[in-house]
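First comes the structure, then the notes that go with it.
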Amino acid sequence: MPNLPGFPYSPFQNPRTCQEQISQQNKTKNVNSSRYVMAYAIFASLNSVILGYDVGVMSGAILFIQEDLKITEVQEEVFVGILSIISLFGSLAGGKTSDAIGRKWTMAFAAFVFQSGAAIMALATSFTVLMLGRFLAGIGIGFGIMIAPVYIAEIAPAVARGSLTSFPEIFVNFGILLGYISNYAFSGLPAHISWRIMLAVGIFPSILIGFALCIIPESPRWLVMRNRIEEARTVLLKTNENSSEVEERLAEIQKAAEFLNPEKHEQKSVWREMLNPTPGVKRMLITGCGIQIFQQITGIDATVYYCPTIFKGAGIKGNTQLLAATVAVGFTKTIFILIAIFLIDKAGRKPLLYVSTVGMTFCLLTLGLTLSTAGDSKFGIALAIICVCGNPNKALARVLGRLNPRSFLSDLSSASALGYVGSRVSSGVVAMSFLSVSRAITVGGTFLVFAVISAFSVVFVHKCVPETKGKSLEQIEMLFQNDGHWEDAEVEIGEVNHLIERQ
């Protein structure tokens, strides 16, 4: 008998059969939604491969650049570290750009600019031309590292946001690993050729981004901001397993986006509010910027950039042996990130931050003591490699990156870049001074300083970082706005929903 209009099954069917068919359809939808979200997160994270590759490959390429172009130690520091400083200009411009042309096309622009810079660096014949390419690459990276977590956070369901927004950090580490492997693979070539090939290989990931643009949709939050409600609903229907939650989620986004609609509200200056913040915004900025700065001043990028230098201080001789040791570091840090991925939505952000900061402090302290006292012994070399590999700094960065200001500020689009200002400036200062400081107080002494700073980061996490597990961006914002819940450093979902309704 044919089914009645509006009913998927005949009323004369066995009820159990109907229920099984409905259950099967729901399972199929859940699988499809998960696949869509996973694919979007992967494609959005391709820019992070570019960043990771540049960071990883430069640690080895700089050895051959120094030999080929005869640059000084100071020029080496500036060339390596300036990328972080330059990238903040891309991050600062990224908020306005992504609001103007969309998250999707901002990612495309980032890839194009980096591609141009990488090509110039690979063909450079002087330090000046090399710096020009570095400047363009830094701008592209700045756009890319700002927009990818924003896009994923806006398109992902709250229940999976922690894991999915970790993808950019996974891909950064994957890129670092590829950079280390590239260093080792091309280290046997003549110096004037090897580093050019190493840098040129970094262009290929950006080509994949062109294909990704044909697949990924625009962020539903950006679509709502442009009053393209139906398009936003279509995207949410694809990325949410429970269709009944789509309208609720859409209403939350519309409410958060109301303040960005000039027809309903007077447009406020973002930076004016930054300079004179409300108590809630102040808490967001302290937490977001503080953890980004601590992430860098504990030497995370310096460890990656100057990994061969660290191992040389431990007693490893020869470029090939140095670069082979860095490959082991790349593999280990990638494993740390994967472990953090599986744990973040189960254990929560704050417990992982505690584990990471305490573990990082221990590894940095041990590494500093080893480099200062062990000399060139085999035991000292082995212990140094273990400390660098075991340092969960990248796992810490993975968690910290999900707690940037953009994760808290749903109505301040440009605030997403603010955390990167502190992060990039700190990274640049540390990278551009690492060799000089190491020459003054030794490499071991430098890591003892990093260990002390890392110990302070444990205190900061305890005092200033709330738990955001399982909460949407709007719910996190309400958490920071409420004095009582902020003091408790945690708030239940039901309580936040009550706050939202009361507002």
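Including glycine, each Cβ sits where the backbone N, Cα and C put it.
Any TrEMBL annotation is an automated prediction that lacks curation.
Annotated in TrEMBL:
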- 229-256: coiled coil (COILED)
- 40-469: domain 'Major facilitator superfamily (MFS) profile' (DOMAIN)
- 37-66: transmembrane segment (TRANSMEM)
- 78-95: transmembrane segment (TRANSMEM)
- 107-129: transmembrane segment (TRANSMEM)
- 135-158: transmembrane segment (TRANSMEM)
- 170-187: transmembrane segment (TRANSMEM)
- 193-216: transmembrane segment (TRANSMEM)
- 284-306: transmembrane segment (TRANSMEM)
- 322-344: transmembrane segment (TRANSMEM)
- 351-373: transmembrane segment (TRANSMEM)
- 441-461: transmembrane segment (TRANSMEM)
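Under 8 Å from some Cβ of the transmembrane segment (78-95) lie the Cβ atoms of residues 54, 58, 62, 65, 71, 106, 110, 113, 127, 130-131, 134-135, 137-147, 270, 296, 301, 305-306, 413-417, 420-421, 424-425, 427-434, all in the same chain and six or more residues away from its ends. Of the candidate ranges 107-129, 193-216, 322-344, 441-461, 107-129 has the most C-beta pairs within less than 8 angstroms of the transmembrane segment (135-158). Highest Cβ pair count under 8 Å relative to the transmembrane segment (322-344), across stretches 170-187, 284-306, 441-461: 170-187. Most Cβ pairs under 8 A with the transmembrane segment (170-187) among the ranges 37-66, 107-129, 193-216 are made by 37-66. Looking just at the domain 'Major facilitator superfamily (MFS) profile' (40-469), the mean pLDDT is 79.
With a threshold of 8 Å between CB atoms, the same-chain residues lying at least 6 positions outside the transmembrane segment (37-66) that come near it are 76, 79-80, 83, 107, 110-111, 114, 118, 130, 137, 140-141, 143-145, 147-148, 151-152, 155-157, 160, 164-165, 167-180, 182-184, 187, 191, 194-195, 198-199, 201-202, 205-206, 208-209, 212, 215-217, 239, 301, 304-308, 319, 322-323, 326, 330. Long-range neighbours of the transmembrane segment (107-129) within the same chain, counting only residues 6 or more positions beyond its ends whose Cβ lies under 8 Å from a Cβ of the stretch, are 44, 46-47, 50, 54, 69, 71, 75, 79, 90, 94, 97, 101, 135-144, 147-148, 151, 196-197, 199-200, 202-203, 206-207, 209-210, 212-213.
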